[in-house]
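Before any comments, here is the structure.
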Amino acid sequence: MSSQFPEARPRRLRRNASLRSLFQETEFSLNDLVLPIFVEEEIDDFVPINSMPGVMRIPESKLAGEIERYARAGIKSVMTFGVSHHLDSSGSDTWNENGLVSRMSRIAKDAVPEMIVMSDTCFCEYTDHGHCGVLHHHEVDNDQTLINLGKQAVAAARAGADVIAPSAAMDGQVQAIRRALDEAGFSQTAIMAYSTKFASALYGPFREAGGSALKGDRKSYQMNPMNRREAVRESLLDEQEGADALMVKPAGAYLDIIRDIREASRLPLSAYQVSGEYAMIKFAAQAGAIDEDRVVRESLGAIKRAGADLIFTYFAMDLALAGI
Ligand code: PBG
Ligand code: ZN
């Protein structure tokens, strides 16, 4: 009964567009996309990010209007990144009730209550040295940073953030944040863990976007891109610590990892198509080498096919405006 050529002719199901769409296995919609945004305090105008054509830093004073515009286009969720003018050695502005982290969530939720606001929870955009935590003898002090992550998470939750998304890559960060949230009465605030985060060169453009002060690298806390077993271990540890959802970051060069984690966990899994992935597509399209719209759709479809439920992508608004 083994059917082979000439009985088997897979081309039968590809003969026209209707057949092809009927038999298409993977799809994405606006329900699956999260738009990361950069919000700068104390500026009046949008600031273009040269390494990410089409992406701008949003002045805080225009954030509410932008959130309304995204909602009208069909965007369901944003992830907030602050560009701070209040840097210090620990990033203490992040847990100030009137600091930028809190204000971004408050403004976004006030503008559009249905918009799901995820608060990127880290310190690198608020520290004068640019690292994702507190320094002690030139090293990022894991456990002191955990205390501060708890404080930042509670401040963001109090300001209305629906989801806390810790990206500092500290050991134990999900457990520390879960405990801090629960103790402060925010047992319903979810944690989207950046559970498998690689020390990737693809974050390059983000450093311009976020105005990062970092000299050096983050290899003592983010993962070695060459490690597959450890990638699964990291996500499973976050699951044990109480994460509500997991993430692989970057996305496109790590489809094997997305598949591994999909098979190892039952939690919702997201993937972050990062700034460098965005820039590679944009600049190649600008040079006329590829068709931007088709490559965007292929790249996001591939990330879903690998096993991601949700995708963080700077292309989300383009797709929303295109009607998906
Ligand atoms: C910082 C952070 C980074 C990104 C998200 N959160 C940069 C880094 O870890 O160096 C990268 C996002 C992107 O490149 O699009 N914790
Ligand atoms: Zn960071």
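Residue 1 is the first one shown; counting continues down the chain.
Note that Cβ sites are derived from N, Cα and C of the backbone, with glycine treated the same way.
Values in this document were obtained by computation on a predicted structure and should not be read as measured data.
Taken residue by residue with DSSP, Cys124 (Zn(2+) binding site) is part of neither helix nor strand, so it is coil. Cys124 (Zn(2+) binding site) has a Cβ environment of 22 other Cβ atoms inside 10 Å. As annotated by TrEMBL, Zn(2+) binding site applies to Cys122, Cys124, Cys132.
Its Cβ taken as reference, Lys197 (active site, schiff-base intermediate with substrate) is surrounded by 25 other Cβ atoms within 10 Å in the chains shown. The active site, schiff-base intermediate with substrate annotation in TrEMBL covers Lys197 (among others).
Arg218 (5-aminolevulinate 1 binding site) falls within neither a helix nor a strand when secondary structure is assigned with DSSP, and so counts as coil. The number of other Cβ atoms within 10 Å of the Cβ belonging to Arg218 (5-aminolevulinate 1 binding site), over all protein chains shown, comes to 20. What TrEMBL lists as 5-aminolevulinate 1 binding site is Arg207, Arg218.
Per TrEMBL, Mg(2+) binding site is recorded for Glu234. Taking the Cβ of Glu234 (Mg(2+) binding site) as centre and 10 Å as the limit, one finds 23 other Cβ atoms among all the protein chains shown.
Neighbour count (other Cβ atoms within 10 Å of the Cβ, all protein chains): 24 for Lys249 (active site, schiff-base intermediate with substrate). Among the features that TrEMBL reports, active site, schiff-base intermediate with substrate is placed at Lys249 (among others).
Other Cβ atoms within 10 Å of the Cβ of Ser275 (5-aminolevulinate 2 binding site) number 25 in total over all chains. Mapped onto three states, the DSSP output places Ser275 (5-aminolevulinate 2 binding site) in helix. Annotated 5-aminolevulinate 2 binding site per TrEMBL: Ser275, Tyr314, in sequence order.
Around Cys122 (Zn(2+) binding site), the same-chain residues six or more apart in sequence whose CB sits under 8 Å from its CB are Cys132, Pro166, Ser167, Ala168, listed in sequence order. The recorded positions recorded for this entry are Cys124, Lys197, Arg218, Glu234, and the Cα of Lys197 lies nearest to that of Tyr314 (5-aminolevulinate 2 binding site).
Take the CB of Tyr314 (5-aminolevulinate 2 binding site) and look out to 10 A: across all protein chains shown you find 26 other CB atoms. Surrounding the centroid of the Cβ atoms of Cys122, Cys124, Cys132, where the record places Zn(2+), the chain contributes additional residues within 8 Å, namely Gly91, Phe123, Glu125, Thr127, His131, Gly133, Ser167, Ala168, Arg218. In terms of Cα spacing, the recorded positions Lys197, Arg207, Arg218, Glu234, Lys249 that come within 10 Å of Ser275 (5-aminolevulinate 2 binding site) are Arg207. Put simply, of the recorded positions Cys124, Lys197, Glu234, Lys249, the one whose Cα is nearest the Cα of Arg207 (5-aminolevulinate 1 binding site) is Cys124. Put simply, Cys124 (Zn(2+) binding site) is 15 Å from Lys197 (active site, schiff-base intermediate with substrate) when counted between their Cα atoms.
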